[in-house]
Amino acid sequence: MMRDAAPLVSVHDLTVRYGEAAVLRDVDLDVAPGEIVTIVGPNGSGKSTLIKAILGGVKHSAGRIERKPGLQIGYVPQRLVLDPTLPMNVERFLSLPHRIPASRAREALERAGVPEIGKRQMAALSGGQFQRALLARAILEEPDLLILDEAAAGLDQPGAAAFYRRIHEVREETGCGVLMISHDLHVVMSASDRVICLNGHVCCAGTPEVVANAPDYRRLFGEGTRGAFALYRHNHDHRHSQDHVQDAAE
Amino acid sequence: MLDDFLTRAALAGIGTGLAAAPLGCFVVWRRMAYFGDATAHAAILGVALSLAASLPVFVGTLFIALFMAMVVSVISGRGYAMDTLLGVMAHSALAFGLVGVTFIQGVRIDLMAYLFGDILAVSRSDLAVIWGGAALVLALIGWRWNALLTATLDDGLALAAGIDPKREQLVLTLALAVVVAVAIKVVGVLLITALLIIPAATVRPFAVTPERMGIMAALVGMTSAWIGLRASYEFDTPTGPTIVCVTALLFILSNIASRIRQPG
């Protein structure tokens, strides 16, 4: 999808070391506008480090990271640990770091699928609502690139499925690129344009079909996932009626 | 009006409460209480240095508080847990400071004044330092408010918004050093952290946004200073500790009130 356009972000030969150990070695990656790229890999494979590096929070010892000039990034962290001493309602949260009018906050919440939660305290939200509040904030500034670090990890399966569907819709609506980490292989395989299998280095990369059949991927994740993948593809041919609405109301 | 030592004391206390409490909110939100303690305790070493070098106490304490904060951030993450590191730094700085002061010849100083404050001895120039410092801290916190809040929530969120979380940490460190240097005359190094944390904790049950928590904490801080000063005059008790006692009582009252309002 739109692979010809200049990439939003482009990583070349990236190496990151923590002390002696190289967490990432010679990693190449790029994300084009409108493309959903998913990073999979076992724990400790450097997925989060790669995201942090792209955000600019990790010093790399070799390689380079190029961002499209003026690139606007929306970021959804895996888990936001809100200290209980910090009072924060959803509207205020959306106004960080820039004040926005209430109408824009409401619009973003609607697009994230949770129009009703503006006045609620962040700490009082359910897991699904919380992640959608994070999503609302991430899409608020019309980002060119949406980065999600296992953003659905805390959700149950229907919740996660609804969340990823919402990401898909946001991509359709805004044409933003999406870079995400996911453990949920079924979702990854059905929802991504390209998959990058990471284990310190890029083991394999390509369309979901290519990666699912790659020997490296099968060594890391086993044979079992292929069957489930096929099943999921099949199931996903029909439209799911709006079950994410239920999730939002929980 | 400033000729009256009680008026000067009241202004000193109110200025300190005003600056310490909103900063204290960040100390609470980011769980930096022990960091605050370490910075404050180190200030006694700054007192020793100032006296030895014949510098104003404010300069020495500010320098040491900053130095302390830098050392902690440089050596953190190198094998010791943060609270261990801060414990080592806080108490060794305090001990070295106390020992160091005894080496200073010719100056008879009242250590108690630096440990617990001596608000009744606040001079006009002390007052200028306190209000100058308070204005600086409030301006700094106000200027960086949204960036600080974003970085407090999550490093990644801050980075994605173009905010450097390390720089924001530095802003807080700087503000903390100024507050310590300012508050030493009012409550002394041992009780500075109380002025940071207790007002913020007191108003937490009643705050729905971070801004309101900051403003309410400042009001509690200023009120405590004023009531504490009156009470210490009335009962002839040491002023710094009395101010902290008042804050602590307000904390208890606030928690009782919030329990009554919201049973369970």
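Glycine residues also receive a Cβ, built from the backbone N, Cα and C atoms like all the rest.
Per TrEMBL, these features apply:
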type	residues	note
TRANSMEM	B:6-29	transmembrane segment
TRANSMEM	B:41-72	transmembrane segment
TRANSMEM	B:84-107	transmembrane segment
TRANSMEM	B:127-145	transmembrane segment
TRANSMEM	B:174-201	transmembrane segment
TRANSMEM	B:213-233	transmembrane segment
TRANSMEM	B:239-258	transmembrane segment
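A contact between the transmembrane segment (B:213-233) and the transmembrane segment (B:41-72) is absent, since fewer than 3 of their C-beta pairs, 6 or more residues apart, lie under 8 Å.
Most Cβ pairs within less than 8 Å of the transmembrane segment (B:174-201), among stretches B:6-29, B:41-72, B:84-107, B:127-145, B:239-258, belong to B:6-29. Counting only same-chain residues 6+ beyond the ends of the transmembrane segment (B:239-258), those with a CB under 8 A from a CB of the stretch are 9, 13, 116-120, 186-188, 191, 194-195, 198-199, 201-203, 205-206, 220-221, 223-225, 227-229, 231-232. Recorded stretches compared: B:41-72, B:84-107, B:127-145; the one with the most Cβ pairs under 8 Å to the transmembrane segment (B:6-29) is B:127-145.
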